[in-house]
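These come from TrEMBL:
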- B:Cys36, B:Asp38, B:His89, B:Cys92: Zn(2+) binding site (BINDING)
2 protein chains.
Amino acid sequence: MSYFEKFLTTNQAYAALHGTAHLPLKPKTQVAIVTCMDSRLHVAPALGLALGDAHILRNAGGRVTEDMIRSLVISQQQMGTREIVVLHHTDCGAQTFTNEAFADHIQQELGVDVAGQDFLPFTDVEESVRADMAILRQSDLIPDDVIISGAVYDVDTGLMTEVR
Amino acid sequence: MSYFEKFLTTNQAYAALHGTAHLPLKPKTQVAIVTCMDSRLHVAPALGLALGDAHILRNAGGRVTEDMIRSLVISQQQMGTREIVVLHHTDCGAQTFTNEAFADHIQQELGVDVAGQDFLPFTDVEESVRADMAILRQSDLIPDDVIISGAVYDVDTGLMTEVR
């Protein structure tokens, strides 16, 4: 049995409590959170978000990639968000490898050559937040009046600390 | 006052209840969920996920982009996930525009030419799930024995329905 089947069963209980209600497509707080896929970070409860409050964007590392920019432009231009929070975290999987070692591993495991591809690892989590905030600030596609903040989430304590 | 400052305050209350506990970096269920940034979908409660259970990846539409593949390869090869769920949803922002109209809007609002760029809109949500499952199945970077499932989440009822 796959976990997917378990999720479908659990979801039926969730839907029974959810009831039927139509919330607007546009997020109430006009905020988009850019963060990591990590399993130990549940964004909505950690930030106090209710259903309908904010867009939540997640990839490996919470990095500002071209696809993140695509998503943020849609978030802002189609759905009215005006603030971005870049939230990275302690003990991140993106801190566990280098591009070179990872490419060797992929070659060995999958027989695929990904040499030269940047998988966006980092070593210093505050620096990675600052680097991604800088990409957003420099992007022509993100208006200058959008509020951009950054923070690090501690997966052991649940505490979020601002990065300036 | 930005919402970010409010999130920091709310997060202090969350962290006080969180306590200190170190969960493993590798997700317990070995599942990665690929879904949309939509504010009305809170993935963890909707699927019954506890902290530490599964990777959650989110972009505009929940589309399988190159950055999603990057993230999934890290999820699988560095952190041991072996199952992927593609979860799109009703009333999606990706159903509200065409690439052409969106490029015109960006040109007008931001003065940036994005003509020719695919922002990955879709019309039929079941078809978009199938298209993204197909991209995963065809990718050299996703092993053939990875379990791939798809579903649509109804943002009005909270119910998730399998797509085959």
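Cβ coordinates come from backbone N, Cα and C, glycine included.
Since this is a predicted model, take the numbers as computed values, not measurements.
According to DSSP, B:Cys36 (Zn(2+) binding site) is assigned to a strand segment. Taking 8 Å as the upper bound (exclusive) on CB-CB distance to chain A, the binding-site residues B:Cys36, B:Asp38, B:His89 give B:Asp38 in sequence order. Using a 10 Å Cβ-Cβ cutoff, B:His89 (Zn(2+) binding site) registers 24 neighbours. Every protein chain shown contributes to the tally, and the Cβ of B:Cys92 (Zn(2+) binding site) ends up with 23 other Cβ atoms within 10 Å. A strand conformation is recorded for B:His89 (Zn(2+) binding site) in the three-state DSSP classification. Close to the recorded Zn(2+) site, the chain also has B:Thr35, B:Met37, B:Arg40, B:Leu41, B:Gly61, B:Gly62, B:His88, B:Thr90, B:Asp91, B:Gly93, B:Ala94, B:Tyr153, B:Val155: residues not among B:Cys36, B:Asp38, B:His89, B:Cys92 whose Cβ is within 8 Å of the site's Cβ mean position. A 10 Å cutoff on Cβ-Cβ distances gives B:Asp38 (Zn(2+) binding site) a total of 29 other Cβ atoms nearby, all chains included. If you draw a 10 Å sphere around the CB of B:Cys36 (Zn(2+) binding site), it holds 28 other CB atoms from the protein chains shown.
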